[in-house]
Structures are given as C-alpha cells and as structure tokens.
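Heads up: the structure comes next, in structure tokens.
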Amino acid sequence: MKLVLGISGASGIPLALRFLEKLPKEIEIFVVASKNAHVVALEESNINLKNAMKDLRPSATFFNEQDIHASIASGSYGIHKMAIIPASMDMVAKIAHGFGGDLISRSASVMLKEKRPLLIAPREMPLSAIMLENLLKLAHSNAIIAPPMMTYYTQSKTLEAMQDFLVGKWFDSLGIENDLYPRWGMN
C-alpha cells in the first residue's frame, strides 16, 4: 500500500509525527511537509521537522511542497490513501476550491478525482461558517473529515495515549488495522 502524509502549517505537528511513527512498516509512505509546517514545528515544539521525520521513518520518500511534478502528483502513480495531519484552514480552502498549486493540495485533488481515501484532520477552533462550508464541500466530495478531538471513554492518562487514540481512529478511517486504543465494549 502507498500512502501520502501531508503536513500543513497548522498547530499540532506532533500528531503528524505520531501518525508517521505508528504507521505499519509495510506501508510505503510519501511525506510532504509545507514550509509553514517546518516553522510551526520549531516554534511550537522546538522540533526540527526534517530530522524528526527522517528519524521516525528513514525509509519514507520526502518531497518538497513545490515539487509539483513529483510522482505523487499524478493519479497514474497509484497512491492508495492520503492523510493531511494537521490540515490548516488555508489548505482546506485550497483543496475545497480545486487549487493545486503546491504538492499537498495537488495530491489531495488527485485523491478526490480518483475516488481514493483522503483523510483531513483540520486544526482550528472556533470554526467560521466559511470554514464549515469548505469542510462540508470536501465531505460531499468523499473526503474523510476527522478533526483531532479528545476522548474521555478511553480514560487516557497521558498525552501519548490521547495521541494514540487519535492516530488509531485515523487508521480506522483509512482501513489500517491497529490496536492503538481500547475499543468500546472490549474491556
């Protein structure tokens, strides 16, 4: 399976890193981090995003967001699934309105036109009517809208356990088997 992980410049970059860390090793992963993602990672978490990604998944293929001619920008390359974690509202708007001027939005547009799973984890609060309309437009185009919302029923005691719940739910939405969180009724 081939999966693209897009990392936009929204708050919550550690969630993308946890997704990358927990992704099963047999999945071929392609990563595109926006310029703003690198800035936000450093400002919010003191993380050098380039180094962190390579440390977590040395076998991944990394692309520059401006490399619009990359293999993953074409439907014929055969990417199976894509996740954008976190998804800024700027990125959401670009995808919702068909703008593909960078590799993340172009790859997302390809997923929509090819009717392949595209998971979007929007990071913003509160949401304006415009933001909600853009998310609704994407949902109507079969994108999976999966914001990182906390859980209480798992009784998570650590930040890592909460992150694992989110990553596990995202994996579930993408059809990736996992045991990252306790299932309801399975205790």
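Backbone N, Cα and C atoms are what each Cβ position is placed from, and that goes for glycine too.
Among the candidates Ser34, Ser45, Ser156, the residue that Swiss-Prot annotates alongside Gly9, Ala10, Ser11, Arg123 as binding FMN is Ser34. Shown in sequence order, Ile7, Ser8, Gly12, Ile13, Asn36, Ala37, Val40, Pro86, Ala87, Ser88, Met91 are the same-chain residues outside Gly9, Ala10, Ser11, Ser34, Arg123 whose Cβ sits within 8 Å of the Cβ centre of the FMN site. Annotation: Ser34 carries the greatest number of neighbouring Cβ atoms among the binding-site residues Ser11, Ser34 [cut-off 10 Å, Cβ to Cβ]. The binding-site residues recorded for this entry are Ala10, Ser11, Ser34, and the Cα of Ser11 lies nearest to that of Tyr153 (dimethylallyl phosphate binding site).
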